[in-house]
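Here is the structure we will look at, set down as structure tokens.
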Amino acid sequence: MPLVSGHDVIRECTDRGLVAGAFNTTNIETTMGIIDAVERVGVPTFIQVAPTNVALSGYEYIFDMVARRLAETAVPVALHLDHGKSLDAVESALAADFTSIMIDASEESFEENVATSARAREMCGSAIALEAELGSIGGKEDDVAPEYASTTDPAQVADFVTAVGCDMLAVSVGNVHGYAPNARIDFDLLERVRAASAVPLVIHGGSGLPEEQLGRLAAFGVVKVNVASDLRNAMIRSFGEAYAANPNENSLIRVSLDAVSAIAEVVERRIRVLNPSV
Ligand code: 13P
């Protein structure tokens, strides 16, 4: 089917009590691996790309690649801009027909975050789902780390969501990008955030969190969990192992197909951990 709006993924997951995985792509192997796994489990999903990862191809290539592969797929999938740190990034992703957008102005002051995120809301209109971030998630993504990390203040949540009109809220409640050994969800804080607003919540940093914690998130109004490092590691490890096994290996297609399988395994496992009933 054609790409669906982020609204459709949120709605179907909410109706079915599911959490959507949001898997970062960079290239064709990652895209194929993600969608192979999504077809096996049948859970609505976000495929996403951050501006740091369009350097190779551009937004249009990512759209074409994802949409072409999804044409054969019956599971609803939205194409999402991850960590749009500027309105220019939002504009580029919208121009390439992305169906879901994240504006990340979480390092700015509360007032500036509201103003920038509200502007992104206007740009998206009502058809495109918008995720905004309150509290700045720590850790590194592609060597990019926030200058300072901060947790989400539950007292600011309702005002922020009302002022921005976002459809999803990314929160900083102990989750960290990458493999930080101390990454743990503070469920008391998450519960207070949940109580402050009915907005669907997003947890970033899915790769480094214990599986036991991931399986509990649906009960806290979480609708989307981002996973990137696990997929990147799976691909790099697969190529590395192929080279280590045979430095004269010259079948790039065999090595690429093995990487697709490795990525699909990781994605399937993450979706099942997030949704123990599936
Ligand atoms: P991980 O790399 O820790 O999975 O985090 C991904 C993420 O949150 C992308 O926005």
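Cβ atoms are placed via backbone N, Cα and C, with glycine included.
Since the structure is predicted, the reported quantities are computational estimates derived from the model, not experimental observations.
In the record from TrEMBL, residues His83, His177 bind Zn(2+) 1; the candidate from His7, His204 listed for the same site is His204.
For Asp104 (Zn(2+) 2 binding site), the same-chain residues that are 6 or more apart in sequence and have a Cβ closer than 8 Å to its Cβ are His83, Gly84, Lys85, Ala132, Glu133, Ala170.
A count of other CB atoms within 10 A of each Cβ picks out Asp82 as the most crowded of the recorded positions Asp82, Glu133. The two recorded residues, Asp82 (active site, proton donor) and His204 (Zn(2+) 1 binding site), show a Cα separation of 10 Å.
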